[in-house]
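Quick look at what Swiss-Prot annotates:
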- 154-168: compositional bias 'Polar residues' (COMPBIAS)
- 199-216: compositional bias 'Low complexity' (COMPBIAS)
- 230-240: compositional bias 'Polar residues' (COMPBIAS)
- Cys46-Cys62: disulfide bond (DISULFID)
- Cys66-Cys86: disulfide bond (DISULFID)
- 40-133: domain 'LCCL' (DOMAIN)
- 293-478: domain 'VWFA 1' (DOMAIN)
- 495-668: domain 'VWFA 2' (DOMAIN)
- Asn390: N-linked glycosylation site (CARBOHYD)
- Asn520: N-linked glycosylation site (CARBOHYD)
- 154-177: region 'Disordered' (REGION)
- 199-257: region 'Disordered' (REGION)
- 1-26: signal peptide (SIGNAL)
Amino acid sequence: MRTVVLTMKASVIEMFLVLLVTGVHSNKETAKKIKRPKFTVPQINCDVKAGKIIDPEFIVKCPAGCQDPKYHVYGTDVYASYSSVCGAAVHSGVLDNSGGKILVRKVAGQSGYKGSYSNGVQSLSLPRWRESFIVLESKPKKGVTYPSALTYSSSKSPAAQAGETTKAYQRPPIPGTTAQPVTLMQLLAVTVAVATPTTLPRPSPSAASTTSIPRPQSVGHRSQEMDLWSTATYTSSQNRPRADPGIQRQDPSGAAFQKPVGADVSLGLVPKEELSTQSLEPVSLGDPNCKIDLSFLIDGSTSIGKRRFRIQKQLLADVAQALDIGPAGPLMGVVQYGDNPATHFNLKTHTNSRDLKTAIEKITQRGGLSNVGRAISFVTKNFFSKANGNRSGAPNVVVVMVDGWPTDKVEEASRLARESGINIFFITIEGAAENEKQYVVEPNFANKAVCRTNGFYSLHVQSWFGLHKTLQPLVKRVCDTDRLACSKTCLNSADIGFVIDGSSSVGTGNFRTVLQFVTNLTKEFEISDTDTRIGAVQYTYEQRLEFGFDKYSSKPDILNAIKRVGYWSGGTSTGAAINFALEQLFKKSKPNKRKLMILITDGRSYDDVRIPAMAAHLKGVITYAIGVAWAAQEELEVIATHPARDHSFFVDEFDNLHQYVPRIIQNICTEFNSQPRN
């Protein structure tokens, strides 16, 4: 009996030493792992939908090829969570079809999602959905920790198939949180439990929670194999270092002695943590009734002084607050000018009013002259680009603030800006006094710069201390998108109907050349259901509507439709074709669209063209007549809008048609831009 007891004591001592060495080694290993692990961006497939991912904000890497139409996207700028994450990224322009990293942020569900065609992806409409998301460039915020492994709402997620997810009862460790080493007293307690031959009753949860020994909160686990309870201890939540204040661990009290099914628990440290991610602060999507891309040109010249510069910044901050900045509404950037202009931040730098106001506060004055014309040229060439966050469906607006008067000319720079579709507003403060007017470089500069001279685009303030009074009228005007006339350009504001001669004299080969000419012209325009629309009619003795203005709303679809037009063959009744186009095409044109008819023929008409052409002119249809080979010059001049020299063209051979594309486009734009600005 004594021998047995000695043997048991020897075994206990041996086990104690093993556990002690193991605990020390574990402590060293734990100390080595305190360093935060390097963030690994999780990869997802093109078909992964945002709604399947539980994380409220995360960075992922998309593969190439997500432009494929089989990956459905719902919405524009703000997407329903039923959408493909990577498909939405391509649609928004954050990614191209080669893939890459993106930042995804969950936002509230919407009452409706509008479909649109953008960057090769056709998004679909959806009446409502419970959750939305926006896609941004993968620039992580300071102090925010993003998950290296995504949490999916289904066990059969793509990550699970790749072996990346954890079991249901496991949780990823909180960055910066480490478990304390097992203490000597705990090891002795376990050792005594092993050595004692009698069976001890299991502690109840209440007994565990009311122990008199002061120690950190603990979570108990039971080993199925050894029928032993081991305790994992953690640092107190008050002393635990945090990488992200937005992520907190739940208080483990009340969770003691949980028994995870199938968990292998070894002696010593058994970590079990519960994560609780605080709901993110609500992110405004912006006012959808004021979806504009706005650039403020602020005066940083030396003459303005520091005090007035601060007043100017205060107006900017107030505008940012009043506009309700967001991806579904207005976006705003700031350019400061002096001798030379410089961008402080572009349209996609700050996508909510709070961040924008903070950034405005940090702007410092540059000094120098007041070269406004140079600044307008800079904005026209550099600011409104896709890389800077410019959106195709949002009007481009520039608000120029001028103290006194510019030190350079603005007329030519402003004309180019208007022709590029930019709506220029001017706020002038404290104009030139009578004895200062001799120094003004360009008299009446504001009217030469603004989009229209009807007073809508100009605001004048007698004193800097009255600048705040411009806030409400300015916000109201820039958000009145129906009156932003300069958003309409020669390339985005027309309904263009091609009337194509398909008579026998043309021939199959030449007919394909004519279609290529139509394609080359179409490529020059901005195509969508709200921009330029294209329709086509083919005629011989009879007429055929190939497609109407409302048939296709994207450039690729239009170009494919032109390719599919089949050669008809027959006689040449040009007059009847004009009447048919007026009835079947232009009768369905939108009231706010310029109506352009481009007629191509290779011979004299069998019927009268004078009365149909006059009807077209009276209905406001601007008609271009292009004759090839045997076309009659006098007929072309009758068909064409006055002056005929700008609207009729004769080409000796079909193969030379392509040479006239630049000239026709130039004439269309010259005529558009010569409209009165009042």
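Any Cβ shown, glycine's included, is placed from N, Cα and C.
Projection of Swiss-Prot feature records onto the structure.
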residue: Cys46; record: disulfide bond; CB count, 10 Å: 20
residue: Cys62; record: disulfide bond; CB count, 10 Å: 27
residue: Cys66; record: disulfide bond; CB count, 10 Å: 27
residue: Cys86; record: disulfide bond; CB count, 10 Å: 32
residue: Asn390; record: N-linked glycosylation site; CB count, 10 Å: 19
residue: Asn520; record: N-linked glycosylation site; CB count, 10 Å: 16
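Of the recorded residues, Cys46 (disulfide bond) and Cys66 (disulfide bond) place their C-alpha atoms 5 Å from one another. For the domain 'LCCL' (40-133), the number of residues in each DSSP class (helix H, G, I; strand E, B; coil) is 11 helix, 35 strand, 48 coil.
Secondary structure from DSSP puts Asn390 (N-linked glycosylation site) in coil. If you measure from the Cα atom of Asn520 (N-linked glycosylation site) to that of Cys62 (disulfide bond), you get 35 Å.
Note on the domain 'LCCL' (40-133): mean pLDDT across this stretch is 89. Cα of Cys66 (disulfide bond) to Cα of Asn390 (N-linked glycosylation site): a span of 22 Å.
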